[in-house]
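Feature annotation from Swiss-Prot assigns domain 'DPCK' to 7-211. What Swiss-Prot lists as ATP binding site is GLY15, ALA16, GLY17, LYS18, ASN19, VAL20.
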Amino acid sequence: MREFCPLIGVIGRSGAGKNVVSRLLAERGCYCIDADARTRELLESYGDSIVERFQVAAAARGLSLRRKDGGLHSAHLGVLLFSEPKLLQQHEEFLLPKVTRLLCEDIARAQAARPKAIVLNAPTLHKTELLQACSFVLYIWAPSILRMWRCKKRERVSFTHLLRRFSAQKGFYAQSIAQNADTYTVANCGRVASLARKVDCILTRRGVLGE
């Protein structure tokens with residue numbers, strides 16, 4: 001039985017293919033944790049608090065943070081936050097500690113299952129202390145134009161919003177490296193089979209596969 005279960009971080013900018021890589025890792029016996037899913041849960045749980053924090057700024061931009069059913073309008077929240085870095089920072093200071101606590105609980109449960117590795121699919125991993133807990137990090141990369149196409153295909157948002165989001169994510173790789181994380185860049189520009197070979201090569205090199 002494996003005595004040490006490595007923690008693998010998966011990061012990258014919007015549209016790079018983090019979820020595809022996570023699925024590949026799951027197929028290879030890894031336990032995958034989706035930080036975005038946890039974040040969405042918290043957005044619903046703390047929706048009233050978030051609306052209270054940002055409703056004035058949202059109204060000034062003609063945005064409503066409430067859906068018709070009364071829930072938090074996460075798409076409008078994203079438009080607001082990515083248009084103003086200070087608001088994004090305030091939101092992250094409020095939410096990220098809560099996300100991190102949930103992820104720590106998820107990691108503890110995953111360790112009990114003794115998988116080949118635990119995968120933390122977390123775009124903002126570099127903004128939490130969990131980055132230092134990772135054995136290594138996969139930074140998923142794709143050209144901006146390809147990422148733009150992927151995002152437009154799956155989301156009903158404007159090009160302006162996507163450009164602002166992309167701009168806010170510029171420092172992901174540099175911040176990971178700055179914290180001395182053992183980071184591998186994985187290009188995702190073609191077929192899934194090619195991406196899978198790259199992932200397998202890294203997993204084999206790190207001893208996750210081939211035992």
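Backbone N, Cα and C define each Cβ position, glycine as well.
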For VAL20 (ATP binding site), name the DSSP secondary structure in the helix/strand/coil scheme.
helix
For VAL20 (ATP binding site), the nonlocal same-chain Cβ neighbours (under 8 Å, six or more residues apart) come out as ASN188, VAL192, LEU195
Give me the count of other Cβ atoms within 10 A of the Cβ belonging to ALA16 (ATP binding site).
26
Considering every residue in the domain 'DPCK' (7-211), what is the mean pLDDT value?
90
For ATP, residues beyond GLY15, ALA16, GLY17, LYS18, ASN19, VAL20 with C-beta within 8 angstroms of the site's Cβ centre include exactly GLY12, VAL21, ILE140, ALA142, ARG150, ASN188
Which chain-mates of GLY15 (ATP binding site) that are at least 6 residues away have a CB under 8 A from its CB, listed by sequence?
ALA142, LEU146, ARG147, MET148, TRP149, ARG150, CYS151
